Amino acid sequence: MRVHVADHRLITHKLTYLRDERTDSPTFRRLVEELVTLLAYEATRDVRTEPVEIRTPVATTTGIKLSSPKPLVVPILRAGLGMLDGMVRILPSAEVGFLGMVRNEETLAAVTYANRLPDDLSGRQCYVLDPMLATGGTLVMAIQYLVERGADDITAITLLAAPEGIAHVEQELAGLDVPVTLVTGAVDERLNEHGYIVPGLGDAGDRLYGVV
Ligand code: URA
């Protein structure tokens with residue numbers, strides 16, 4: 001897996017406010033959206049395109065447009081939903097699929113409870129949205145799911161990642177011949193005994209949507 005830490009002062013600045021426990025939900029949501037837009041800019045650097053001829057008011061020139069099939073954006077429910085608006089703002093023609101996964105808080109294993117994805121993802125570039133790469137269990141399952149359906153290029157976008165989670169994903173996907181990239185705002189120190197990222201920002205879903 002190619003890991004890209006989007007090391008930019010504006011990202012670190014916004015992450016600082018996101019981490020702060022005093023930040024309320026409306027501000028948290030807005031910051032997540034802003035951060036995703038910045039991370040998406042980096043994550044879509046290699047989005048597939050094809051040449052297109054256009055006329056400016058002055059001359060004819062060649063530009064590029066997104067290739068078909070269009071990229072698929074896959075937020076992992078629930079917290080990944082908070083990242084969707086920021087992502088589609090810069091990739092408005094992308095299609096969106098949904099994957100519902102929850103981790104068992106005792107075993108920390110990921111369980112799929114819902115999916116709404118095209119059956120055939122052949123030739124698709126997929127962008128998986130999940131704010132926190134903690135143990136990595138959810139991301140491994142999501143990537144395996146997409147690869148089974150034919151996805152041939154996968155980029156995961158997370159706000160924060162734990163070193164243990166990155167190592168786990170790398171280990172589990174070692175044999176995979178599909179390129180996988182991680183774009184993250186920061187790699188934090190570690191996971192605690194409850195599987196939370198330290199220093200992290202707490203439970204991203206709860207901070208976005210409240211404790212439900
Ligand atoms: N999920 C979260 O929302 N936060 C963490 O720190 C780890 C997993």
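Glycine is treated like the rest: Cβ placed from N, Cα and C.
Heads up, TrEMBL stuff is auto-annotated, nobody curated it.
Bear in mind that the values here come from a model prediction, so they are computed numbers and not experimental data.
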* To do: According to TrEMBL, Arg78, Arg103, Asp130, Pro131, Met132, Leu133, Ala134, Thr135, Gly136, Gly137, Thr138 bind 5-phospho-alpha-D-ribose 1-diphosphate; so which of Asp20, Asp203 is the extra one listed there?
  => Asp203
* Based on Cα distances to Ile197 (uracil binding site), point out the closest of the binding-site residues Asp130, Ala134, Gly136, Thr138. => Ala134
* Enumerate the residues of the same chain, Ile197, Gly202, Asp203, Ala204 excluded, that satisfy the criterion Cβ within 8 A of the mean position of the Cβ atoms of the recorded uracil site; list them in sequence order. => Pro131, Met132, Tyr196, Gly200, Leu201, Gly205, Asp206, Arg207
* Give the number of CB atoms, excluding that of Ala134 (5-phospho-alpha-D-ribose 1-diphosphate binding site) itself, located within 10 Å of its CB. => 27
* Asked: Non-local Cβ contacts of Thr138 (5-phospho-alpha-D-ribose 1-diphosphate binding site) (under 8 Å, 6 or more apart, same chain)?
  -> Ile76, Met101, Arg103, Ala110, Asp130
* Asked: Taking Gly136, Gly202 as the binding-site residues to compare, which has the smallest set of other Cβ atoms within 10 Å?
  -> Gly202
* Asked: What three-state secondary structure does DSSP assign to Arg78 (5-phospho-alpha-D-ribose 1-diphosphate binding site)?
  -> coil
